[in-house]
Structure formats: C-alpha cells, structure tokens
C-alpha cells in the first residue's frame, strides 16, 4: 500500500497544536486547508494538547480570533482536561495542592474540586502544570508540601520546552525537573503520552484505530501517545523534533513530513 493510500484511509485526526499546526498566534501554512479537507471527507478532528494553561473554551476563542477557525469546546482534549478527569475520579472529596495558572486552578474549582495553592494541613495529593505565571513563592509552596508529606505527586505533561515565536520557553516537564531535583520526588504524568488521550477520542468519535492518525512535533509525547494508543502517527519538523532524531528514537513515527502543508498535500492531492 502506498503512502497516499494509507493516508486516504484516515478519518480521525488527533492534532497537537503548538509546533504542529501553529506557533503562538500564527497558523502554519496548510493547517486550515488540512482541517477543511478532513471536514470535506466526513472525518473528525480533535486537538490533543499538553498545554494546560488554557481550557477548551479558551482555545475555541483563540482559534476564532487568532486563526479565524470555528471549533467546539469538545474538540479540545488538553492535559488539563485529562488531569481534571483523573482528579474527579480519584480525589473528588479531597484537598488538592495545585501549581498552575489562574485559568487552570479556576477550571478545577468550577468542577467542584477542593483546590489549595498554599502549604496547609490535609492535602491528599500534589498536581503541577505548565505555569506561565510561575513565581518563586509558588515553587516554595510546592517544595514544602512535597518535602514535608508523603502524598502522591502528579503533573499534567512531561514536555520540557514550549515553542514560541522566538524559540522555546520552559514547559511543565522542565518545571517538574527543577522540583524533583529539589525534593527527590518525581511526578506521574497524566497527559500525553498516556494512551488515555487516544482512547477518549476514539470512544467519542465512532472511528476505528485503523482510521486514526496522531500528528505532532514531539516524539516522546505526541508520537509516543499514538504508539501507546495503538494508532498510526505522523511527526512534523516545525517544532521540537528534527529529522536526525528519528535515527535512534524509541518512538518511530509511521509518517514524517517537513511541515503540515506537506501532510495536507499527501492526503488531499
């Protein structure tokens, strides 16, 4: 089966956002065309992002104002959402210490979770997220909780770097490395590369694993997520991964393209 024939079978597309479809407020050439193509074949699109600073509603607004694209809240599966689902299942009645943005903390509280951002009595678990509002005071609080208790430590995602217009800034994984070096506590990550992300999209879409493609720019999160979920994967080299990284990776993608425009033409031409 040719590359084109394999891609023509894909109906469910799970896209990373930053470094894959866009960087900052700039949509990559070919992204809008690929999303339109998926709609035209009766397919379905989900955006699976490890950026926990925004809720699904925040992303709908960003896609509308920055990209001129209409989306729905249900299309966005963020690491924050996966973390929320996990916490509601396992810690719904407990006090949870959270290091994260105001938007992330608000989203947890709106879902009736008991969240604190201070070191206090009765904390049942600790959660760290990508925090673009990070302060040294926040770091002090989380290190104190982890150093003085034996509660479980969770984090939204292991990404080390977040792509921005000038290069990269520290992501959740880098923040957690700093905390782990200080406290000797390592987190369990709840977003990509967990197969739960793929399983959730499959269960809501009606499509099969054989019809599904995960597309991203990171091998150890995006591509690993697809592999863990038992679906085909595609890496694009507009973010973190580079072609030379494919030589020794434990997470080899099914397909590789220089950028999203090449994937669009491979699917649609």
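Using the three backbone atoms N, Cα and C, a Cβ is placed for every residue, glycine included.
Note that TrEMBL annotation is computational and uncurated.
Sequence-distant neighbours of residue 16 (active site, nucleophile) (same chain, 6+ apart, CB under 8 A from its CB) are 47, 48, 49, 50, 192, 215, 216, 217, 218, 221, 222, 239. Residues annotated as active site, nucleophile in TrEMBL: 16.
Spatially close to residue 18 (active site, proton donor) yet at least six residues away along the chain are 49, 51, 162, 163, 217, 239, judged by Cβ distances under 8 angstroms. Per TrEMBL, active site, proton donor is recorded for 18.
The Mg(2+) binding site annotation in TrEMBL covers 16, 18, 217.
The DSSP secondary structure for residue 192 (substrate binding site) is coil. Annotated substrate binding site per TrEMBL: 192, in sequence order.
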